[in-house]
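S.K.: There's a structure below that I have some questions on.
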Amino acid sequence: MDFLNDHINVFGLIAALVILVLTIYESSSLIKEMRDSKSQGELVENGHLIDGIGEFANNVPVGWIASFMCTIVWAFWYFFFGYPLNSFSQIGQYNEEVKAHNQKFEAKWKHLGQKELVDMGQGIFLVHCSQCHGITAEGLHGSAQNLVRWGKEEGIMDTIKHGSKGMDYLAGEMPAMELDEKDAKAIASYVMAELSSVKKTKNPQLIDKGKELFESMGCTGCHGNDGKGLQENQVFAADLTAYGTENFLRNILTHGKKGNIGHMPSFKYKNFSDLQVKALLNLSNR
């Protein structure tokens, strides 16, 4: 009986019962009248008369007029003061319900370990992401982004090699950079170890060289020396300090991406909780 906890459901149930009772009463009254009453009244002059059945010159029933006027008043209240044009919306109600559910969800699963987070992320990925990225997250032979590299140094190297677009930054599209694999790896190591909040790299010996290349190849022109991508307090380019973090992943899930391969739609309507985003990130970083 959980549906009775919603006042709209209760109102609808009461209204349905009232309508049912009135329908039964009115139907029984009409049936009785049809059985016992006799036709009487003055026929309309020049009115319809077919097989002896004519049209009486009776006034419109008061009850019908009252019902009609009440319907007009109710419709005016409903549209302008009650729901649609005032405050209520189905999308808003849905978002509130999802928000409440997410709070219960996070409270229930807030103490998950690493393995459980990966398992949760795997379930979310298979339902929402695998159709394009494949069940192995490798991108279905190039038809979508390879997420096995995402959030890691390999992902940065891939961006350096192919460029990036579709995030609608003021800087515009990032062009591909003509660097060999060793130099790209050095920049990726520097970004992961010094700029990103991840603060670790598989190639610490390349950090210094990566910093030199980051500055000399013009990366600071868009991303800034600190990698935050801000110019005059405006978001000019991608924030590299968030790369490989929950904020970076949520930004893509929220806005989608029109990349070199195809168009990833926004998943904002899914209202993923912070825990679900964390689970997806743990799956990606495993």
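Backbone N, Cα and C atoms are what each Cβ position is placed from, and that goes for glycine too.
What you are looking at is a predicted structure, and each value in this text was computed from that prediction instead of being measured.
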S.K.: Going by Swiss-Prot, Cys219, Cys222, His223 bind heme c 2; tell me which of Met157, Met167, Met174 is listed for that site too.
M.R.: Met174
S.K.: Quick one: pull the CA-CA distance for His133 (heme c 1 binding site) versus Met174 (heme c 2 binding site), whole Å only.
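M.R.: Cα of His133 (heme c 1 binding site) to Cα of Met174 (heme c 2 binding site) measures 23 Å after rounding.
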S.K.: Quick one: average pLDDT across the domain 'Cytochrome c 1' (116-195), no decimals.
M.R.: 89
S.K.: At a C-beta cut-off of under 8 Å, are there same-chain residues at least 6 beyond the transmembrane segment (11-31) that contact it? List them, or none.
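M.R.: For the transmembrane segment (11-31), the sequence-distant neighbours (Cβ-Cβ under 8 Å, at least 6 residues beyond its ends) are 4.
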S.K.: Out of Met174, Cys219, Cys222, His223, point to the one nearest Met264 (heme c 1 binding site) in space (Cα versus Cα); all of them are binding-site residues in the record.
M.R.: Met174
